[in-house]
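Asker: What TrEMBL records for this protein is below:
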BINDING   B:Gly11, B:Ala12, B:Gly13, B:His14, B:Ala15, B:Gly16  FAD binding site
BINDING   B:271-285  NAD(+) binding site
Amino acid sequence: MFSLHEKEDTIVALATPQGVGAIAVIRLSGKDAIKICNRIFKGKDLESQESHTIHFGTIRDGDRIIDEVLVSLFIAPKSFTKENAVEISTHGSSYIVNQVIKLLIRNGARPAKPGEFTQRAFLNGQFDLAQAEAVADLIHADSETSHQAALNQMRGGFSGEIAKLRGELIHFASMIELELDFTEEDVEFASRDDLRILVEKLLRVVEQLISSFDLGNVIKNGVPTVIAGKPNAGKSTLLNALLNEEKAIVSDIAGTTRDFIEDEINIGGVIFRFIDTAGLRETTDVIESIGVSRTQEKMKTASLILYLFDLGDTDMVEINRDINKLENLGVPFLKVANKLDKANDQFVNELKANHPDTIFISAGQKEHLDDLKSQILALVNLDKFKTGNTIVTNIRHYDSLVKTRESLLDVLHGLDAEVTNDFLAMDIRRSLHYLGEITGEITTDDLLANIFSKFCIGK
Amino acid sequence: MFPNYDVIVVGAGHAGCEAAHAAAKMGSRVLLCTMNMNTIAQMSCNPAMGGVAKGQIVREIDALGGMSGIISDKSMIQFRMLNRSKGPAMWSPRTQNDRMRFAEEWRLALEQTPNVDFWQEMITGLLVKDKQVIGVRTSIGLEIKGKSVVLTNGTFLNGLIHIGEKQFGGGRTGEGAARGITEQLVQLGFEAGRMKTGTPPRVDGRSLDYTKMEIQYGDENPEKFSFSDETKPLTKQHTCWITYTNKEVHQTLETGFDRSPMFNGRIQGLGPRYCPSIEDKINRFAERERHQIFVEPEGWNTVEMYINGFSTSLPEDVQYEAMRKIPGFENAKMFRPGYAIEYDFFPPTQLKLTLETQLIDNLYFAGQINGTTGYEEAASQGLIAGINASLKTQEKDPFLLKRSDAYIGVLIDDLINKGTEEPYRMFTSRAEFRLLLRQDNADLRLTQLGHSIGLADNTRLEKMLDKKNDTAKLINDLKQKKLSPEGINEGLEDLETATIKEKITIDKLIKRPQLGILDIMKLDDEIGQYLSKYDKEVIEQAEIQIKYENYLEKEQQMVEKLSNMENYKIPLNFDYLAVTALSAEGRQKLHKIKPETLGQASRISGVSPADLSILTVYLGR
């Protein structure tokens, strides 16, 4: 249980990613945030400054200067958490960051738990539930595109679209309820044809949101990618080449990336997550092992496979056989020929003739990697995202939308089967209920208010 | 002079009568107090029972062992099952009743109920000791002791009647208002409010020209409310009539608007949006050129007619002039004008789910005192209050109905959690599990419960169990018995539904929208003979359960899904005021109502989805 007393604490955490950068931002939030910071800050008296001001000064441990910093002040409720908040921009050394945080803790702050800033923001009424979840996503956002999707959701894009949808459904439900409860009244009821048009329209929007989920998921979690190839094909060399190229190692476990085959690599703003296919590595004949079911499952969960082979160590028969197997797998794949620098020209030409879409690289020399990257990006369809549409990235929202779709389809089936309105109403209510799981429940009072404001009812 | 009663009921309207009857049936010593023994169980407004959602309530009262269904059946002059063209959840029984016989039947039923005593006098106060009610005080200063008190004062608490610019105290026309109780309750810490309702003029049926109206007949095969065999359907019925207002009527009514207490601010209470006065209809919906008027007889023999749809508090001369411009009313003679009445109520958020007040132990409220409107709503509350008052004096567990059990459960849950700003009337749309809360299965839902508390008798229980078992057997058989193409295709063609290619079980045919069990009886002699063994009610029940199986299952799943929230208990001592993250309104409402579960919290008005999320976070989910 989240205790009341914890809520009174002032919490501190590093707000920028761990690791080396030019600057780092340390964030404090809570009643005493400004007071605590003031204790270790030499410059202006922070407690007598206005909200939304920035101050230059030094952080000192006694007489020792730890760093020159910029301090931004946010006075409650005008902050992200709606509490007093301070952001300290220090130089981006992990030593400095650790020193400053330790100092703040010694002066009364407490390390924040994961997500606690967002939780406070939410508890203090900063967001609705959908937005709060988007903020959590934003905090975990690792790349440009996922950042944008989260931002879009936070600006209310998602809530807005759902709200609009719900408004239409509520009207729809009211019309049905009107007919059910006030059957004796002398009022005109909505035509079933109009209702059908409306439901179909709603379905299209819901479908769109649902289909954005896969894309949204890819943006958030990265495109699951497998490099398939024999151990000597240059798999880890390629991985390292891509990693070094981007200098953007975003693995959660710092310092361990080299030991893992699973890595996240940011290519053109999209995260690609390289899945650990340990099963593959242990088999001498890699592509043979595609037949092994466990490995095959791994491969199937990938959105993209890079089929990597050594030009000097592979013959055309082997390549054709492997490609045939990959085609049967049904996952998009790229044919990547490695070690171009050591390749035999005749074989390269033969390969170009047989498989014109082969990408030739030299991972060890970091040559032609741009070709590979643009081909990889081309396989990921980001059109929808670029048009700025709402993208669903949250599994809970996705589930609710799928159930909304089910219920809306049930409404259509009901219309087809010419069931009476009480049954239609049930499916409409289910639709509203599932939408409500995202944005909050609709009550019958809302329906009745809608009816009474529009129709003359009663004897 | 008086014993120490178990339950004292103040007021003998629909709520009071049900409360007194139920408590006495359950073995309590009951005193029923009324200002006038001759006006027990008056139908103050329209001479009808039931209707959409309300008919379901009457069936539920009956299934539990209450009396409203039986009394309505005994006094009905017309029966209609409304909404027959819609699904079974919407079928709603409604009767026109003989006003005088209705009252007489109730009085006789109460006189024949052992353990019910009567006292005719105004009750002016409660005897309260240590936050517990211990009796009542009468207008001549008598003190009557009782372990619990049920207040069912209707519109009598400081009732104020308006006709045009005239206003006078009264609980109904010709009857005085009740004084003292509101003032005492407010002093005890209750919050009180004011509501308004109205009633139309009554006219002399001999002065109307029915040839200018549409006739509204009763059902060809009338049914009845009660599940018991104590009553029979009508063999002869009265008709009603429908006519319409017109522009001329509206213009005439408008001439009195400046003298209307509705518009000149004299009436302060809030009236219902769905039962507006005719002047309100004209005012709010100026574009409508006509409004429906139902002409309803007040009884078998009387010539008095109730002008449903013409509720008004305009000056009587304006009422009269306008009325005579309605087709068929050219020579109408008025018996008495319509009027509006304002009365005190106590926002029901001050009650527990048993209808006992939170402030004073053993004090119960039922009916219009809780801000509801309607005979059926009142009667059902009276029943629940009477049951719980009786159970409490017997130190037994309270009797509560869930929203998924009954309309009565929906009604009380709404009242307690949301309160009401206007007179609360039941609609089917208020019930999220409407498809399960049907009039046809009220007995299957509730009779066992009614029996377990000693209200529904053995005969009722046995009848219900027979129906339940027969239905299960019939459904099982229909899912197994097959019909062949040779045997029935001809018949299917006649019924304009698709023929079959191979043998098919009967339930599959019943699922077709065009087919019912009665049709199938005619398709095949053998099946027809087999089915004719079954009671009509059983056949209807089986047909509904088969035909709508998918929908009913889906709804049942929703009940179970939502019951998770219902099962999530909130600690009684939870300090909402300490949770500053809650919205100010949500915090206050939660503090006041102290919901027992997250589900209940979710239904409290003013508690936003964000508040709920915050609560869930605090409760560690």
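Positions of Cβ are set from backbone N, Cα and C atoms, glycine also.
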Asker: Between B:Glu279 (NAD(+) binding site) and B:His14 (FAD binding site), how far is it from one CA atom to the other, in Å?
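Answerer: Cα of B:Glu279 (NAD(+) binding site) to Cα of B:His14 (FAD binding site) measures 29 Å after rounding.
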Asker: State the count of C-beta atoms found within 10 angstroms of the C-beta of B:Asn283 (NAD(+) binding site), not counting that atom itself.
Answerer: 17
Asker: Using Cβ atoms only, which residues of the same chain lie under 8 Å from B:His14 (FAD binding site) while being at least 6 residues apart in sequence?
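Answerer: Counting only residues 6 or more apart in sequence, the Cβ neighbours of B:His14 (FAD binding site) under 8 Å are B:Ala41, B:Ser68, B:Gly367, B:Tyr375, B:Glu376, B:Ala378, B:Ala379, B:Gly382.
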Asker: What binding-site residues from B:Ala15, B:Gly16, B:Lys281, B:Phe285 have a chain A Cβ less than 8 Å from their own Cβ?
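Answerer: In terms of proximity to chain A, the binding-site residues that count are B:Lys281, B:Phe285, given in sequence order.
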Asker: Roughly how many Å lie between the Cα atoms of B:Ala12 (FAD binding site) and B:Lys281 (NAD(+) binding site), rounded to a whole value?
Answerer: 32
Asker: Cβ within 8 Å of the FAD site's Cβ centroid: which residues qualify beyond B:Gly11, B:Ala12, B:Gly13, B:His14, B:Ala15, B:Gly16?
Answerer: B:Val9, B:Cys17, B:Glu18, B:Ala19, B:Ala41, B:Thr152, B:Gly154, B:Ala366, B:Gly367, B:Ala378, B:Gly382
Asker: Of the binding-site residues B:Ser277, B:Lys281, B:Asn283, B:Phe285, which sits closest to B:Ala15 (FAD binding site) by Cα distance?
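Answerer: Closest candidate to B:Ala15 (FAD binding site), judged by Cα separation, is B:Ser277.
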Asker: Could you check which of the binding-site residues (B:Gly11, B:Gly13, B:Gly16) sits closest to B:Ser277 (NAD(+) binding site), going Cα to Cα?
Answerer: B:Gly13
Asker: Sorry to bug you, but what's the C-alpha spacing from B:Gly13 (FAD binding site) to B:Phe285 (NAD(+) binding site), rounded to the closest Å?
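Answerer: Spelling it out, the Cα of B:Phe285 (NAD(+) binding site) and the Cα of B:Gly13 (FAD binding site) are 34 Å apart.
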Asker: Reported as an integer number of Å, what is the Cα distance between B:Asn283 (NAD(+) binding site) and B:Gly16 (FAD binding site)?
Answerer: 36
Asker: Rounded to an integer, what is the Cα-Cα distance in Å between B:Lys281 (NAD(+) binding site) and B:Gly13 (FAD binding site)?
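Answerer: Answer for this pair: 29 Å between alpha carbons.
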